[in-house]
Amino acid sequence: MKKQICILGSTGSIGTQALDVVREHSDLFEIYCLTANNRVEQLARQAREFRPAAVVIANDAHYDRLKELLSDLPEIKVYAGRDALDQIVEASPIDMVLTAMVGFAGLSPTIHAIRARKTICLANKETLVVAGELICRLAMEHRVRILPVDSEHSAIFQSIVGEGDNAVEKILLTASGGPFRLFSKEQMATVTAADALKHPTWEMGAKITIDSATMMNKGFEVIEARWLFGVPAEKIQVLVHPQSIVHSAVQFCDGAVKAQLGVPDMRLPIQYAFSYPDRLPLSGDRLDLFRGPLEFFEPDLDKFRCLAIAFESIRRGGNMPCIVNAANEIVNEGFRRGECSFTAMADIIERTMERVPFDASPDYDTYVQTDAEARRVAREFMNI
Ligand code: NAD
Ligand code: MG
């Protein structure tokens, strides 16, 4: 029986690499559904190759075009709109849902998939940043497994597999440090989106590449690790490791440290989530430890204020990480459009944190309201 996979965000960086994995192991995996936001031509090409039962285009303005592009393949059902994402993940043949879409938009379909008892292969870290407690509670209630796709979290997961109840003393979460690792504060004030989009070790979608340059991505990953592995933030140490070879590590109660190493290639964590607990062959480069030294540095929280902001949001708890996520989505896009400077991003997020009402025990509706309000406030600050 092939595993039936639904990919939310199949036209993106993670989505297309997931399709590479499925192509290489077509004897084990089959695509049940593909979804995208706007890239309708690419989605149609993917559907032509993988012949899913259904495709969904989230932006319904593209529905007619998608229908037309697939008119000779009537067996592929075509849907549009956000609600269609929530509905499709519940389809009974689906075994696994890969959440590879960007931002808060991933929250609702992930909740629907958990309620329908689908295994979650989680790339969309924003879901856990915004609503980690809710998601973990639902996953527990519905006895659903959440398998990490983020490379660091996959490395941590691979390091704890087989350890049973052995106590974790500390998580060592590595970060490349991004393109501005060696820049001064003054230099950082004038960098452009084009500079920030040149990541030294990973090729990723635009939003996460900017988040890596500010290190907000690493802050989000601390939150993600906290929920995925039940380890408090104080026991998660961020290490800047420019080579991106040690993908993260776990220290156990006897002082033993286990890490997962490899060349930077997202296909491995994607494939491991799909095939867990088995490992499957994967083509591509192999690690050569003779190629150079592996270095580790402490992060500079003064220079990378977004990382400090993420830590502060964990400390405050409640809907604060949701506020930070929403404000970050706005400034991230604003910076890419040239509407604010690199350093203004942290300022705007901080001001948004002080303005949006705090809620110590949010539910789903609180998250939706908080997200909308924080976006509105952050936009307002950006336009001043
Ligand atoms: P991307 O921009 O390359 O692709 C995003 C995909 O999601 C596209 O298919 C797009 O059509 C779809 N999408 C975007 N917004 C949507 C919306 N509002 N509604 C429905 N669909 C939408 O992004 P990516 O780099 O592949 O990242 C996807 C997720 O995976 C993010 O949460 C990111 O943080 C996480 N992630 C990515 C990487 C990486 O290497 N790219 C690594 C770790 C985690
Ligand atoms: Mg990562």
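From the backbone N, Cα and C atoms, a Cβ is placed for every residue, glycine too.
Whatever TrEMBL says is automated annotation, not expert-curated.
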Among HIS112, HIS199 - the residue TrEMBL places in the same 1-deoxy-D-xylulose 5-phosphate site as LYS125, SER151, GLU152, SER176, SER212, ASN217, LYS218, GLU221: HIS199
Additional site residue, GLY205, GLY219, GLY230, GLY255 [criterion: listed by TrEMBL with THR11, GLY12, SER13, ILE14, ASN124, GLU126 for NADPH]: GLY205
Structural state census, the domain 'DXP reductoisomerase C-terminal' (261-376) (DSSP three-state): 66 helix, 2 strand, 48 coil
Listed in sequence order, residues with CB under 8 A of ASN124 (NADPH binding site) and six or more positions away: LEU8, GLY9, THR99, ALA100, MET101, VAL102, GLY103, GLY106, THR110
Among LYS125, HIS199, the most crowded of the binding-site residues [Cβ within 10 Å]: LYS125
Cβ-based isolation winner (fewest other Cβ atoms within 10 Å) among the binding-site residues THR11, SER13, ASN217: SER13
Candidates ASP150, GLU152, HIS199, GLU221, namely the binding-site residues, that fall within 10 Å of GLU126 (NADPH binding site) by Cα distance: GLU221
ILE14 (NADPH binding site) CB neighbourhood, other CB atoms within 10 A: 28
